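A quick write-up on the structure given underneath.
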Amino acid sequence: MTIAIGRAPAERGWFDILDDWLKRDRFVFVGWSGILLFPCAYLALGGWLTGTTFVTSWYTHGLASSYLEGCNFLTVAVSTPANSMGHSLLLLWGPEAQGDFTRWCQLGGLWTFIALHGAFGLIGFMLRQFEIARLVGVRPYNAIAFSAPIAVFVSVFLIYPLGQSSWFFAPSFGVAAIFRFLLFFQGFHNWTLNPFHMMGVAGVLGGALLCAIHGATVENTLFQDGEGASTFRAFNPTQAEETYSMVTANRFWSQIFGIAFSNKRWLHFFMLFVPVTGLWMSAIGVVGLALNLRSYDFISQEIRAAEDPEFETFYTKNLLLNEGIRAWMAPQDQPHENFVFPEEVLPRGNAL
């Protein structure tokens with residue numbers, strides 16, 4: 001006679017059932033992060049496609065911005081709300097639109113809709129990488145790396161306009177609209193001379209350089225056990241085993257630079273560190289611009305240029321260009337302010 005002693009299995013609740021369904025092995029993994037990711041990504045992308053196809057920016061910027069009005073892929077945009085809307089969330093049922101969808105689109109409600117759903121969609125994608133990394137049993141460095149573009153998006157599209165007078169000063173969602181925003185950043189903030197922008201450029205271009213060098217080096221050092229192997233004959237794209245030589249790569253770069261990465265972990269961490277840190281730094285810089293913190297100011301050069309008509313530097317030239325951008329862009333970009341600049345206040349070069 002056998003007596004089995006044990007606990008009765010606990011009754012499965014709705015959480016366990018939902019957890020099983022969300023984590024089921026399927027073609028497109030859903031997961032708990034998918035509850036945030038998929039609806040937000042769908043609504044953000046759908047809102048952008050709807051706005052660029054049908055919705056005008058006439059009421060907010062005095063511009064045509066949709067395919068329906070004759071724009072193309074590079075010139076369509078979902079524009080920011082009017083300056084008079086301040087930092088209102090512009091909810092469809094809010095006091096501005098009062099449930100009128102057409103009025104909501106005219107006021108720029110699609111922009112806040114896309115910006116907020118886009119931000120949460122990106123966060124959901126990062127959480128998806130965390131979740132799958134945990135289930136697969138790998139480290140979460142992909143998710144950590146993806147925090148960099150999220151930081152840039154949030155700082156540029158949300159934090160910067162929150163530091164200014166309204167959502168109006170954020171970028172509109174479109175290619176040409178982003179270019180206009182870059183000119184705005186340069187003219188009003190001298191962004192290219194900001195050290196955080198410099199670190200961002202160094203990170204992005206440095207990351208691209210590292211990727212090119214790394215890919216080329218791996219291709220250069222492919223090998224195959226056996227005789228007569230060359231780089232192009234040695235490798236089968238479907239083979240399982242690793243077939244490149246870290247030792248050979250180390251020897252090559254040691255001869256080129258006199259220094260080389262000694263192991264793969266440090267090499268790949270550096271490739272992660274450079275672009276991610278650059279993007280984080282640029283995001284910090286944009287937060288500074290939201291607070292209207294200034295870039296480098298070389299006052300001594302400005303004073304000397306003002307006193308001496310023959311003294312000019314690239315720095316003082318750029319300041320004149322920035323003044324020109326402001327003088328042109330403020331009346332064009334903010335027609336509601338009714339700016340009028342007399343001839344005598346417009347920028348001139350020292351030689352004039």
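Residue 1 is the first one shown; counting continues down the chain.
From the backbone N, Cα and C atoms, a Cβ is placed for every residue, glycine too.
Small disclaimer: the values here were computed from a predicted structure and weren't measured.
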(request) Scan 32-53, 76-97 against Swiss-Prot and say which stretch is down as transmembrane segment. (result) 32-53
(message) Looking only at what Swiss-Prot records, is Thr316 on the same membrane side as Val30?
(response) no
(request) Flag the pair the transmembrane segment (141-160) / the transmembrane segment (194-217) as in contact if three or more Cβ pairs fall under 8 Å (sequence separation 6 or more). (result) no
(request) Please compare the binding-site residues Gln129, Asn142 by how many other CB atoms fall within 10 Å of each one's CB, and tell me which has the fewest. (result) Asn142
(request) Go through the binding-site residues Asn142, His197, His268 and tell me which ones have a CA within 10 A of the CA of His214 (plastoquinone binding site). (result) His268
(request) With pairs restricted to those 6 or more apart in sequence, evaluate whether the transmembrane segment (109-131) and the transmembrane segment (194-217) have 3+ C-beta pairs under 8 Å. (result) no
(message) Please report, as numbers and ranges, the same-chain residues at least 6 past the borders of the topological domain 'Lumenal' (161-193) whose CB is under 8 Å from any CB of it.
(response) 48, 51-52, 57, 60-61, 65, 73-88, 108, 111-112, 114-115, 285, 287, 289-292, 294-296, 315, 318-319, 321-322, 324-326, 329, 333
(request) Grab the same-chain neighbours of the topological domain 'Cytoplasmic' (132-140) for me: Cβ-Cβ under 8 Å, and only residues 6 or more beyond its ends, written as numbers and ranges. (result) 23, 29, 31
(message) For the topological domain 'Lumenal' (161-193), how many residues does DSSP put in helix, in strand and in coil?
(response) 24 helix, 1 strand, 8 coil
